[in-house]
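Quick look at what Swiss-Prot annotates:
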- Gln44, Val45, Arg46, Met47, Lys48, Asn75, Thr114, Lys143: 4-amino-2-methyl-5-(diphosphooxymethyl)pyrimidine binding site (BINDING)
- Asp76, Asp95: Mg(2+) binding site (BINDING)
Amino acid sequence: MPVSEASVSAGRRARLGGLYVIVGGADPVAQARAAIGGGARAIQVRMKDAPAGAVLEATRRILALATGRALVLVNDRADLALLAGADGVHLGDDDLPVPEARRLLGPDLLVGRTTRTLEEARAALAEGADHVGYGPIFASRSKALPVPPRGLAALAEVARALPAPVVAIGGIGLDDVAAVARAGAACAAVIEAVLGAADPEAAAARMQAAFEAGRAARGATP
């Protein structure tokens, strides 16, 4: 069931806009610090092989950095998002179904879902997701792709069709991020474009500024 517009998650959903950085690896807290320092609007904590306790600790530390500055979502683990006091969870193909995550988290936390087609995106929203990740938009800079890149035209179609934020993901770099915003994405999700840079904080600042310029060009209010 779609989430009520009166819920707290609706307020969080309204804040989904701008650079969305996925952190993990050896030092996700340092990565998040740099990304938030550069103006990232959302952080996704993705620590695939880490023990639950390590994910919980890192998420709590990132939340302390992000207060009043960025949303923090946990990858996969709705239980850890709830325990940490995060803003929500992002679910992939092998994670909890959206309705079960919503039942665990209640109406106040964000539930995002990976999608690759407009049909999948509509289904995720119908099941109770607040927003969708959509992609890959371009060839990925960090991993092999299960499907061909979707491109900007498909992103624009999805963004126009959905009554909820679309987080674009897949191969987005500094040269692409303004076009992603102009296509209607609420957020541009990145890893290597920020975390692979010599100065991640400066890279985040450049990408956030470019995203805002693209959003302004399509006539949206920053």
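Each Cβ is built from the backbone N, Cα and C atoms, and glycine gets one as well.
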Sparsest-packed of the listed binding-site residues (Gln44, Asn75, Thr114) - C-beta count within 10 angstroms = Thr114
Pick from Val45, Met47: which of these binding-site residues has the biggest number of other Cβ atoms within 10 Å of its Cβ?
-> Val45
Of Arg46, Lys48, the binding-site residues given in the record, which has the fewest other CB atoms within 10 A of its CB?
-> Lys48
Sort out the sequence-distant neighbours of Asp76 (Mg(2+) binding site) for me: same chain, 6+ apart, CB within less than 8 Å of its CB, listed by position.
-> Arg46, Lys48, Val89, His90, Leu91, Gly92, Asp95
